[in-house]
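Per Swiss-Prot, compositional bias 'Polar residues' is recorded for 1-13. Among the features that Swiss-Prot reports, region 'Disordered' is placed at 1-23. The [4Fe-4S] cluster binding site annotation in Swiss-Prot covers Cys314, Cys317, Cys360, Glu367 and is backed by sequence analysis.
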Amino acid sequence: MNKPETVTENSLASDVAGPAPRHQTTKVMVGNVAVGGGAPIVVQSMTNTDTADVDSTVAQVAALARAGSEMVRITVDRDEAAAAVPHIREQLDKRGITTPLIGDFHYIGHKLLTEYPACAEALAKYRINPGNVGFKDKRDTQFSTIIELANKYGKPVRIGANWGSLDQELLSKLMDENAASANPRNARAVMREAMVQSALHSAERAQELGMPKDRIILSAKVSAVQDLIAVYQDLAARSDYAIHLGLTEAGMGSKGIVASSAALGILLQQGIGDTIRISLTPEPGGDRTLEVQVAQELLQTMGFRTFVPLVAACPGCGRTTSTTFQELARSIQDFIRDEMPTWKIKYPGVEALNVAVMGCIVNGPGESKHANIGISLPGTGEAPAAPVFVDGKKFRTLRGPTIAADFKALVIDYIDQRYGSGAKAPESVTAAE
């Protein structure tokens with residue numbers, strides 16, 4: 001019979017679960033939002049409206065901000081869009097929405113920022129793609145113009161290299177050097193190196209033009225998960241600039257969610273990333289705010305931040321009663337997310353609340369007891385009653401067709417007692433039905 005392993009101090013170290021220490025980067029202020037330097041990982045999103053349409057863009061930015069986006073990027077691709085930016089900012093300010101706007105520039109950013117100073121002033125950050133800021137002799141001049149304008153207005157920049165618009169001159173140079181090497185690398189490795197060099201060389205040039213490091217954020221987006229991970233690992237190892245994470249062209253639906261979550265989850269676990277965006281192709285008529293929800297859920301699931309109360313729900317099986325459990329779990333989750341914009345102002349700390357919605361007696365009561373407030377529905381063949389647990393103790397049993405509404409009312413009462421002004425922790429419940 002084998003002797004049991006001796007537990008040592010070294011072996012106990014593996015008992016500590018959690019991500020690697022955050023990669024140390026330089027803090028950048030984007031409007032009123034801190035990025036990098038140990039600040040909480042920031043969620044950002046991007047509109048898909050025509051920026052020249054002020055009303056629709058304001059409406060979508062407002063929806064994204066309400067969903068929890070802490071920065072919103074808008075396309076600035078032509079004169080009409082640049083002219084609209086200050087009006088968009090003005091309308092958002094009138095609504096009390098202070099979310100920073102990021103201008104996304106390609107090809108003619110130097111021209112638009114020069115000719116529309118109100119646009120340059122209204123934006124909180126400029127995004128520059130070094131692969132299309134200009135070509136051949138014009139590249140350095142046009143890049144310099146944008147950096148000089150950013151310096152003039154005191155704006156940070158994100159220098160974002162992208163797999164689909166890579167600097168072809170740099171790539172050709174690296175490919176030629178690789179071909180002449182005694183130990184050539186494969187083509188994808190050379191492309192990854194071109195991505196990293198493009199971002200780093202551009203950042204160094206920006207600093208030469210007078211831009212301080214605390215106004216530079218880097219990104220290097222790829223559409224393949226493993227390539228993205230490798231690129232960002234290399235970028236982090238070679239610099240301390242603040243880093244924006246995102247998987248480009250992730251796709252729509254579950255494919256896009258899974259691909260982005262897989263790539264970003266690995267990098268975040270390794271301590272890499274200061275701000276993230278989940279780039280999803282929206283379904284026709286779909287909700288643009290889904291990308292914000294996924295980003296928040298990724299960060300919350302991994303323990304980096306808390307945004308909304310956590311709703312634990314079992315997956316359901318043959319023991320659960322038809323669709324009743326599924327409908328209740330969805331109803332409670334939607335209810336909490338819909339109320340959060342109000343709750344986070346009225347009830348500071350409410351995002352740490354844990355709620356359980358369970359489907360039968362196997363794990364239901366136990367899981368509900370571990371939550372702040374939980375409900376365990378009757379499973380198939382069980383008594384038609386749903387016990388509610390508050391802070392680990394049975395509080396009440398709900399019955400009848402109004403279980404969902406009754407449980408929501410109990411959740412609101414609990415939140416008001418625990419997180420309301422002058423609140424104290426809810427009193428222990430001594431009686432149960």
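Cβ coordinates come from backbone N, Cα and C, glycine included.
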Where Cys314 ([4Fe-4S] cluster binding site) falls in three-state DSSP terms: coil
Cβ-Cβ neighbours of Glu367 ([4Fe-4S] cluster binding site) (radius 10 Å): 20
Other C-beta atoms that fall within 10 angstroms of the C-beta of Cys314 ([4Fe-4S] cluster binding site): 20
Glu367 ([4Fe-4S] cluster binding site) - helix vs strand vs coil (DSSP): helix
